[in-house]
Structures are given as C-alpha cells and as structure tokens.
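Novice: Taken from TrEMBL, the feature ATP binding site covers 225, 226, 227, 228, 229, 230, 231, 232. Per TrEMBL, the feature coiled coil maps to 10-58, 94-135. The domain 'Kinesin motor' annotation in TrEMBL covers 135-493.
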Ligand SMILES: Nc1ncnc2c1ncn2[C@@H]1O[C@H](COP(=O)(O)OP(=O)(O)OP(=O)(O)O)[C@@H](O)[C@H]1O
Ligand SMILES: [Mg+2]
C-alpha cells in the first residue's frame, strides 16, 4: 500500500517533473528567442546611433549653411534697402526730369511759333528789301554733275542753308614758288539753287514773277551762263530735245519731259491757269506768243517761214503802250499750254536745220520767247497789257585760242555774242547809275539787238530776273567766276519800282 502510494507519488512527481522539464525547455527556447531579439535590438541600436551621429553632423552643416545664408540674406536685405532708397531718389529725379521735359517741350513749341512768326516777318522784310532794291533779281543755279564728269567737280559750297542766298567757290592754284594757294570767293544772290534743285523748286521761286504779267507787268526772265551750264535745260526743259527724237518711245520719256519741263512751259501753264481763274471776275484774256532768235546781230523768227539770216526784221517800240513789235514775224495765238510744247519743238527743229557743222547754233545765239497778254474786264471796264519774255542767252564763255582766229565765221559769232552780252551789262550798269537823273539818263539800249529788243523788259516799268547758270566742273571755274562777277554787277543794280501797265478805258 505504501509502495503503491509511493508509486503513485512517484508517478505524480514524474509527471510534474516532466511537466516542469517541458516548462524549462520552453523557457529556454523563450530565453534564446529573447537573446536573439536582444541581439537584433542591439544591432538596430547601433545603426540608430550611427544615423544619429550622421544626422548630428548634417545638422551642424545645416546650421553652418543657415548662418551663411542668413548672413547673405542680411547683406541682400541691406542692398535691397539701399536700392529702394536710390530707386526713390531716381523716381524723384525722373519726375523732376519729366516736369522739366514738359516745360522744355512747351518752350520748344513757343520758340517754334516765335520762329514761324519771325520767318514770316523776315519774308515780309525780304520782300520790302526787294521792293526797295528795285525790280531786278538774280538767281544762281548750279547744274548737277553729269555721268562722265564724276570726279571733276569744282569746290563749290552753299553755306547759307536757311535763306539759300550764298555760294562759295574755292580755287586752288600754285604760286610761283610752287606753293599751293587757296582762294575763296563768296557771292550772294536773291536765291542760290544747288545742283539737286528741281525745275519745280526753281519755278516755285519764279512763279509769282511770271504770274505778274497777268496784272499788266512786263516781265523778263533770262538765263545767262557759259555753254553747257544748263540755260536751255532751265528755260525749256530736259525733255524737249529728247522728245524731238524719241516722242514715240513711251511713257518714261514723257514722264521725264514732264518732270524736267522748264520755265517756259511752266510759266505758260501758270498764266493759263491764272487767266482761267480770273474769268469768274469778269476778265477775258488774249494771249499770243513769238519765238525769236538773235544770231550774229540778226533777228530770226523761230516759228516763221523765212529762211534764217536772210530776211531783215526790225524792232519797233511803241512808247505809249510800251509794246515791242518785230516786223515780218509771226505771232501765234495761244489757246492751250500744250501748244507751247509743239512751238518749242518747231523752233528746235528749225534751229537744228540751220545749225552749222562747226558748232551748235542754239548755243551761239540768243533765243527769246515772248508771250503777250492783253485782258479786258467787261464788268469794271478795266484793260491791261502785260508781257512775259523768257530769254535763253548765248553761251557767255570767253573764247580764246588760235582756233578761233582762224575761223572767220566763229570769230564773227564770238564778237556778236560778246558785244551783245557786254551791251547787256552796260545797259544794266547804266540803269543802276540812273539815280536822280531818272529816265533822262542815257541808257545804251541800241548798242545791241538783244538790249534793244529787251528795252521794255529792262526799263523801270518791268520786272526782270536773271538766272545765272553755272557748271559744277573745276575746268570751268574761271568762266564761272567771270559769270558770278557779271551777275553780282547785275544784282547790285537798282531798277525803279515796277509800274503796272493796266490802263483804264
Ligand atoms: N538741272 C539739270 N539737271 C539735269 N541735267 C541738266 C541740268 N542742267 C543742265 N543739264 C544737262 O546739262 C547739259 C547742258 O545743258 P544745256 O544744254 O541746258 O546747257 P546750255 O547752257 O543751254 O548750253 P548752250 O549754251 O551750249 O546752249 C544738257 O545735257 C542738260 O540736259
Ligand atoms: Mg542752250
């Protein structure tokens, strides 16, 4: 029994023991797992430590960077502040400036207005001076350099850009000692036209004068200058000769002819326009034209039927009406401006037929286009007679050299030209000296056909304009200076104030 009990107890404890042993094994396993866990945690801890260390260093770096940035920030802030303050200053300056700009603009406007007013006063005074000076005006026109002449220009300057009344010519010569000597010559005229001036610009200055023939004045415009200086271009135009040979070539030539139309066609056109306008005021006008040539002191009718240099034509002046007539010449009733172009062409062709082989007749003779205008006003009973004479003078060059002496015909031409041009100078000079002696003073009109024909245009009852044409070339400088001196003499001449030829019936 005890044994059984012991057995039972043994069995019981054996179970407890094995239970405890199982428990111990479980705890051992748990211990192992926990040890592993501890191991892993340790490793993790190490890693975390490393992270902390690296983070700390990053933090230090960042802190440093922050310090740098904030320093920079401070600097930038202060820069911004200073920029803002200078901006402020600038904007103040700007508003001050814009204020003064506004003021300056207003001042400029005022000054411009003042200048405009001064200009109109100046013009009025200029006109008054012209009136006082009398009725002879002188313009000077320098033609452009033509194609092949490039590089051969003389030294010519136009310093007076505002009034355009001065021309300065410079010449360089060598002294006996071989030194270069420069001479400067100044001339002043009523208007100087540079080579770039157009026919339109020249006419603009002439139009008032040309138009005054419709008010009953005798107007005379003549072109003076050496051969090739542009007299015929100025008076007739650039397209007359051109259209003679190539009328059918088309628009370009026609455009050129129109653009370069000279003073004769433009003046005639203007006279037609003005007389047309005056119709509404009761005026009726009649116009007739003549085109004459003076060659070797002989008058020829450029529009007539006679052979040149054969028929003797005489000049007659009517002292009452101041009308000039020439015997046996044809007057053409002018009814339209286009008619004038065909008359110019007719004169050209007749002249070229008569031209000698030696030289061009047109440059060795004077041509005079005469337009007579008579008007009557049925309403007021007024009448008026005026004339417009446009003269293309023969080449004014002094002819030198043995070639001339050997050629009798040429010598005669030269003598005639010199005679008539110097007679023109004398007449103008005498008119200038007239002074108190009035009309009683002797004016040598009869010394040449030209001055005799132009008598009425050069006397006190007329308005006269001389256009001095100049070549721009250095080779022509001496001739240009001679022309400039002649024109200056003309310019200093006073011809009494013009009187209208208007008569009351
Ligand atoms: N203002 C100008 N513009 C362009 N060409 C011009 C001008 N003036 C003159 N010419 C040209 O110069 C040349 C000479 O001119 P023009 O025949 O008119 O001279 P001129 O003084 O009449 O000479 P001449 O005494 O020999 O008759 C021509 O070929 C002409 O077309
Ligand atoms: Mg000519």
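Placement of Cβ uses the backbone N, Cα and C atoms for every residue, glycine included.
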Novice: List the residues of the same chain that sit at least 6 positions away from residue 226 (ATP binding site) in sequence and have their Cβ under 8 Å from its Cβ, in sequence order, or write 'none'.
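Specialist: Counting only residues 6 or more apart in sequence, the Cβ neighbours of residue 226 (ATP binding site) under 8 Å are 395, 396, 397, 471, 476, 479, 480, 483.
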Novice: Does DSSP give residue 230 (ATP binding site) helix, strand or coil?
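Specialist: DSSP call for residue 230 (ATP binding site): coil, neither helix nor strand.
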Novice: For the recorded ATP site, whose residues are 225, 226, 227, 228, 229, 230, 231, 232, find every other residue on that chain with a C-beta no more than 8 angstroms from the centre of their C-beta atoms, and list them by sequence position.
Specialist: 143, 223, 233, 363, 395, 469, 471
Novice: Where does residue 225 (ATP binding site) sit in DSSP terms: helix, strand, or coil?
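Specialist: For residue 225 (ATP binding site) - judged by DSSP and reduced to three states - the answer is coil.
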Novice: Taking 225, 228, 230 as the binding-site residues to compare, which has the smallest set of other Cβ atoms within 10 Å?
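Specialist: Fewest other Cβ atoms within 10 Å, among the binding-site residues 225, 228, 230, is found for 228.
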Novice: Given the binding-site residues 226, 227, 231, 232, return the subset with CB under 6 A from an atom of ligand 2, ordered by sequence, or none if empty.
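Specialist: What lies within reach of ligand 2, judged by Cβ under 6 Å, is 231, 232.
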Novice: Identify which of the binding-site residues 227, 229, 232 has its Cβ surrounded by the largest number of other Cβ atoms within 10 Å, counting every protein chain shown.
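Specialist: Sorting the candidates by Cβ neighbours within 10 Å, the top entry is 229.
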Novice: Just how many other Cβ atoms lie inside 10 Å of the Cβ on residue 231 (ATP binding site)?
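Specialist: Step by step: centre on the Cβ of residue 231 (ATP binding site), count other Cβ atoms within 10 Å, giving 29.
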Novice: For the domain 'Kinesin motor' (135-493), provide the mean pLDDT of the predicted model.
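Specialist: Averaged over the domain 'Kinesin motor' (135-493), the predicted model reaches a pLDDT of 85.
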